[in-house]
Structure formats: structure tokens, C-alpha cells
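What TrEMBL annotates here:
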type	residues	note
TRANSMEM	22-42	transmembrane segment
DOMAIN	33-274	domain 'G-protein coupled receptors family 1 profile'
TRANSMEM	102-128	transmembrane segment
TRANSMEM	140-162	transmembrane segment
TRANSMEM	168-192	transmembrane segment
TRANSMEM	213-235	transmembrane segment
TRANSMEM	255-276	transmembrane segment
Amino acid sequence: KNMSDLSLNITDCIQVVVPEEVFFTVAAAGILENLLILIAVVRNKNFHSPMYFFICSLAISDMLGSLYKTLENIFIILCKLGYLTRHGDFEKKLDDAMDSMFILSLLGSIFSLLAIAADRYITIFYALRYHNIMTLRRALIILAIIWTFCAGSSIAIALFSYEAATVIPFTILFPLMMFFILCLYVHMFLLARSHAKKIASLPTSTVHQRTNMKGAITLTIFLGVFLCCWAPFVLHILLARFCPHNPYCACYMSIFHVNGTLIMCNSIIDPMIFAFRSPELRSTFKKMFYCSR
């Protein structure tokens, strides 16, 4: 609120406010869609593989993002009604918990995308050894390490969020991980072109190669959507920390609610991409709905 008042004082940009009904609708849709992904993976034994476990990790991260914005909006409404104060000890702890959930969602999404990218890389270039390299046990260990690291980091960053030494590594991590994933993709697609020529004479391998490349393309779409939805909010954090008094920065921060809505839109778009790109997942959804009827 203080940042919003400051931005209004030093810039003529109008504060863009997203209606609360839109927040709740988008958040609820994101939570339900990702919950369907989790249920589909649990019910279909064909999905009990490392790749789909990594996809479930991404779905959980998306759900946390939607849940964070939903709870935040509820607390803002309670503050407006006078049930909560803005500077009490309880409210401070609540705010830290909310920040921790937001950071956990962001870090979980980044590392889940990284795990999926690594899994696709192994699938394409080490297809014959894939089941020996990426076993179910190793996938679960990787997920345990990822979420333990993300949980610890989110708590530490939320508690020391006012320290520049904490904010700078957090904001650097986002572009650094995205750059690493991008380099992995460029390397993957360049090698895939030469690899496809070598196995062109093998029909079964060609089909397998096309399937794996389809998975890599799907992940590329995920990465693009993730950047479009999360990058504006991360930029907002940077500007609020390092140039809050600059009129141009304050003008950008006036669309804070729009950036928050984009985060929740990511939670809606990801399951749609899954359903559109995976015929087996669509079939599982149909069976789920028919059984419920």
C-alpha cells in the first residue's frame, strides 16, 4: 500500500486495479486444472514415470502460485473490512508466510522446468540407456532435493527480504536458470538435427525420435509461457527494491495487479498445453469425467 501511494505521488500513471472477482475466478480455475493433472497421473499407471512426476512437480508449483494470490487477496479484503491491521505482529508473520509461498512457487517452477528439460535431453540423446539413467527412484530423490532446497530458500528469503544481499541472489537466479535452460535447449535442438539424420534409416527409431522431439517442443512452449507470465512480476520486485522513487519505475509498478494476474494465468495455461499436446492425457480426462457421471 505504501508503495502504491508513493507511485501515485511521483507519477501521473493511473493505478491499474484488477477486480477481486477476476482474481478469485482465475485462481480457482488454475487450482482445479492442476489438480486434475495430479489426479490423472495418480489414476493412470502409464503416467507413473519420471517425466510425469516432474510434470506433477510443475503442477504443484502452479497451484501454489494461484493459492498465494488467492490468500493474499482474501487478506487484503479482511484488512479493508478492519478485521486485520497492516502493522501487527500476527500480520507481519502472515505476510512472511505469504512471501515464502510466493518464492516457493517461483523456485519450484524454475527447478521443475529444469528437471523436465534435463529429462527430455536424456530421453532424446540417451534413449537406449534412459531407463538406467533416470530411474523412478532417482527421479523421486531429485524431486525431494528440489523441494527441500526450494522450501529452505523460500523461508530464508522471506525472513531476510529487506536485505539487499538476499534480494540480489534471488533476482539473479531467475535469469540465470532461464539462460541455462535456454542453452540446454539450443544444444538439444542442434544435436537433434544431426542425430535425426543418422537414424533416418530406422523406422522405429524415427517414430521414437519424433515423439521425444514433440516432448521437447511442448517443454519449449512451457518455458515461453513461464517467462511471459513470471518475468513482469520479477521485474516489479527488482524495481521496487532498487528504484522505488524513480517516476518510470513507479509507473511500471502501477500495473502490479496485472502482473499478479499473469502469474495465475500461467497456472491455467500449463494444464491446457498438457491436454492439447498429450492425446493419452486427454483420454484419461474423458475417462475421469465419464466415471464421475
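Including glycine, each Cβ sits where the backbone N, Cα and C put it.
Beyond the transmembrane segment (255-276), the same-chain residues lying 6 or more positions past its ends with a Cβ under 8 Å from any Cβ of the stretch are 4, 16-18, 22-23, 26-27, 29-31, 33-34, 36-37, 55, 58-59, 62-63, 65-66, 69, 72, 105, 109, 218, 221-222, 225-226, 228-230, 232-233, 236, 282, 285.
Beyond the ends of the transmembrane segment (22-42), by six or more residues, the same chain brings 48, 52-53, 55-56, 59-60, 62-63, 65-67, 69-70, 73, 260-261, 264-268, 270-272, 274, 281, 284-285, 288 to within a C-beta distance below 8 angstroms of the stretch.
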